[in-house]
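Engineer: Can you keep this structure in mind? I'll have questions shortly.
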Amino acid sequence: MSKSKSLAFVIAALSYSFFSLFSSPPKSHYHELFISTSFSDNASVALNLHTLTRRPHVAGTVANAEAAEYVRSVFTSSALKSHVVAYQVSLTYPVHRSLVLTPTDSAKPITFLLEQEKLGDNPYANEVMPTFHGYAKSGNVSGPVVYANYGRVEDFVRLKKDMGVNVSGAVVIARYGQIYRGDIVKNAYEAGAVGVVIYTDKRDYGGDEWFPASKWMPPSGVQVGTVYNGLGDPTTPGWASVDGCERLSDEAAELSGDVPLIPSLPVSAADAEVILKTVVGDVSDGDVYPVGPGPGVLNLSYIGETVIAKIENVIGVIEGEEEPDRYVILGNHRDAWTFGAVDPNSGTAVLMEIAQRLDKLQKRGWKPRRTIILCNWDAEEYGLIGSTEWVEENREMLSSRAVAYLNVDCAVSGPGFHASATPQLDELIKVAAQEVRDPDNATQTIYESWIGSSDSVVIRRLGGGGSDYASFVQHVGVPGVDMSFGRGYPVYHSMYDDFTWMEKFGDPMFQRHVAMASVLGLVALRLADEEIIPFNYTSYALELKKSAEDLENEKLGHSIDVSTLIKSIEDLSTAAKRINIEKEAVKGTLKVRELNDRLMMAERALTDRDGLSERPWYKHLIYGPSKYDDYGSKSFPGVDDAIDNANRVNTKASWENVQHQIWRVSRAIRHASLVLKGELI
């Protein structure tokens, strides 16, 4: 070998060694590190949760402001560029509550204490706010008692049509467990009731033993919560509650139809049993209570105070290196009705764990391709207020730049993985679940345990209004995810949802929190780092096909035609397959960017600027809440609303509106297909 060739060989070898030593590892290397045991920290998760849940922290209180500062300090120490976004919003707090039962048989009136028994050794139990409903109407009402089961529309129909019970002028007593409490109050009002008492039934939430001996709700436990049927500040519908903004009067807000028009109170199972037994008969046996009205009068008195209070969203940012104007957003709310160990601060602890792991990645040299934003929302419990105000203020930026929103609320309440999402994210969730160990069975991945469960790889949809994904998905059209371990828990929104409950029953070793941080964080990393955004719209087309078939099987008659809907879904399926093929061959920065824009914007095309009929804030025509249950998720909510109305009034115009709503959905799906194709007609 000549000297010149030898020298060239040496230079080439040295160059290879140099770049091998100093070039960055692939993104997948950092993703593996993120979910490794060396990066997770059970003790840190437990410490953060203990700190957050030390005191009750209702929105607008000093304790919640202190919790915000703690979250910000963790974000800042984790190398996130952190700031607080404050809003001035309308909130309500209890001033006076009373509930008195007067039997008509001359027995002595019964005055209920409306207190939760202080159990365990929580030193801040005295700071828990009196039980009430957020935004409940102030008033003093009296009437006979009528039991309305779960307070659903069908329960009131059964009372009237099947049992001949007149609810007009009565105080309704209903139990939690099936629909959103605000809809219970609304349904009772529409049936003619003058007031509502909602209780925690031992059949749904109780056991032979209760907290602190077991996980079940004590007989004195009360589920508090909001009864507002809207999203965001009621006095700034559709715009952000910034300083000096336009604001509706309380009277004008009431006319919106989202603020309750009759007073209500939450009560315990023990108090409810006294009411039911005294007024409508023996309730000790059987699954069906007598309905009343019974021989007695219930007086409900409530006075609430409405204030303009400061709320604080805490925002942390890691700027993307290559696409800083594309946002992957993770969010959780901080405010709680009481201590909030499950709801919401299990999610807050997960968000903080993700922040701390991302800091470790940055110290190893990782930088995200796209910007990652961590958001800790305020005033969610009153009506998703913090997230909604932020989305309304940043609507245009989010519409053009947000890749996805990943939500975690009640992150951990027990075993079993659950996920909800817009369908293009289904495959990404499954892949992430295959890479993280099940916290309750180390021999399996989360996905393997999920397959073997009764909820086998069921990914639910984000049509309900139960958490902070609602503004992103249903108002702007941002793809979304919500995840949890466990689904529902007995001490929900009571003073017993504290650190002791979590440590004893929810997650004794905090391994479920760690696993949730791994799977949610891994989904975020893939969205932020992969060159092609990992969306698969063939899943969306399949899901829409199922929904269209369900609609077709209803056999509505009245010349209702769903063929245009089915055709639009077929077109979406074709466009989804085509873009999947394009992904494999695309080259060049601009081509990649253009393809990613199509993947990102297709979800926006499923929104309509006019929104749902009578509910124009909700822009998404595929996923939205049921009109009669804000927690309920509906596919084609506008069509569902129109069918419900047509079944009630049965006029030619009402059935024509059903067809119109089907046309609207068909057009939106066709628009999404055109976006995926990326071609003008």
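Backbone N, Cα and C define each Cβ position, glycine as well.
Annotation source TrEMBL lists signal peptide at 1-23. According to TrEMBL, the feature domain 'PA' maps to 141-223. Annotation comment: TrEMBL describes 313-500 as domain 'Peptidase M28'. As annotated by TrEMBL, domain 'Transferrin receptor-like dimerisation' applies to 560-676.
What's the neighbourhood like for these features in this structure?
Structural biologist: Each residue in the domain 'Peptidase M28' (313-500) has a pLDDT score, and their mean in this model is 96.
Residue counts for the domain 'Transferrin receptor-like dimerisation' (560-676) under DSSP, helix first, then strand, then coil, are 77 helix, 15 strand, 25 coil.
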Engineer: Based on DSSP, tally up the residues of the domain 'PA' (141-223) by helix, strand and coil.
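Structural biologist: So the domain 'PA' (141-223) is made up of 25 helix, 16 strand, 42 coil.
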